[in-house]
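Asks: Structure in structure tokens, see below.
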Amino acid sequence: MLLIDAGNTRSKFAWWDADTDKIEILGAIPHQSWLNDLSQPLKDLLLEVVSSRQLEREQQAIGCSVAAVQVMDTLNSSLAELGIKVFWQKTRAQQAGVTNGYTKEPERLGSDRWMALLGCHEQVKQNALIVDAGTALTIDWLMADGRHLGGWIVPGRQLMLNALGQGTANLKGITVNDIERDGLAAGLDTFDGITQGAEAALTGAIAQAIQLSGRYFSDQPFDVVVTGGDGEHLMRTLSVEFCRYDDLLFKGLRLCADNLNS
């Protein structure tokens, strides 16, 4: 089954083989790349998946999305052309042994975070601090018994750089790709000051979360579970032991797929 993670800035695709219970990461497409030239990059990837997996018409897919409406329209139309029916998953108050910490408005928790919580609970099976460093840095506390204790949302590295570029006259044009990552240091020019400041903000948030975890988990052991493209670098800057899972969200989608087929 095709698994889809439609994020803020790119969509990621994976394949779940129900016979072997293996998840294979297929790739990712930045949204800007396919919106600029309609949906050709997306269609190319989907056609490759359909042909290589020998999918039949009316094949099912399952996904979650925090993407913009325009992106979702492109995704849905491209998938429909190939006869792929997508079951988009929503956040629930309780599912697969996990209880949503957003008790007043559970649906306000992003479905990407919810899928990661489901995947973490199934994979880790103990207290976990989940650090997902993508477009935004999200941090969630999850008890071994499945209780979600809440979390934080922090602007990611590129969002911080963009905010400075938009809000000031002379600080435009810095991207994550420009940054040389050698750990924290005092900036000796404006460029270094900005990039090191972003690094300090992100690692500082994670460090505070780790410190709070002792209280939230009643001084019981916990794992630091890391996902997202920037996560491993940030953790190494902090010199903290962690477990990395590139497919955490897809593991959550796989659990939902099990329910579709049951």
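Using the three backbone atoms N, Cα and C, a Cβ is placed for every residue, glycine included.
Below, the features straight out of Swiss-Prot:
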- D5, A6, G7, N8, T9, R10, S11, K12, T135: ATP binding site (BINDING)
- Y102, G110, S111, D112, R113, T190: substrate binding site (BINDING)
- D112: active site, proton acceptor (ACT_SITE)
- D132: K(+) binding site (BINDING)
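Show me how these features fit into the shown structure, please.
Replies: Look at G7 (ATP binding site): DSSP puts it in coil. Sequence-distant contacts of G7 (ATP binding site), defined as residues of its own chain at least six apart whose C-beta falls under 8 angstroms from its C-beta, comprise V66, A67, D112, G134, T135.
Secondary structure at R113 (substrate binding site), as computed by DSSP, is helix. The C-beta environment of R113 (substrate binding site), restricted to residues of the same chain at least 6 apart in sequence and closer than 8 Å, consists of T91, D132, T138, D140, G151.
For D132 (K(+) binding site), the count of additional Cβ atoms within 10 Å of its Cβ stands at 27 [all protein chains shown]. In the three-state DSSP scheme, D132 (K(+) binding site) is classed as strand.
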Asks: Considering Cα atoms only, can you say which of D5, T9, S11 is the nearest neighbour of S111 (substrate binding site) among these binding-site residues?
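Replies: Closest candidate to S111 (substrate binding site), judged by Cα separation, is D5.
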Asks: Sorry to bug you, but what's the C-alpha spacing from G110 (substrate binding site) to D5 (ATP binding site), rounded to the closest Å?
Replies: 12
Asks: Using other CB atoms within 10 angstroms as the count, which residue among the binding-site residues T9, S11, S111, T135, T190 scores least?
Replies: T190
Asks: Setting D5, A6, G7, N8, T9, R10, S11, K12, T135 aside, what same-chain residues sit with their Cβ within 8 Å of the center of the Cβ atoms that define the ATP site, listed in sequence order?
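Replies: For the ATP site the neighbour list reads A28, H31, V66, A67, G134.
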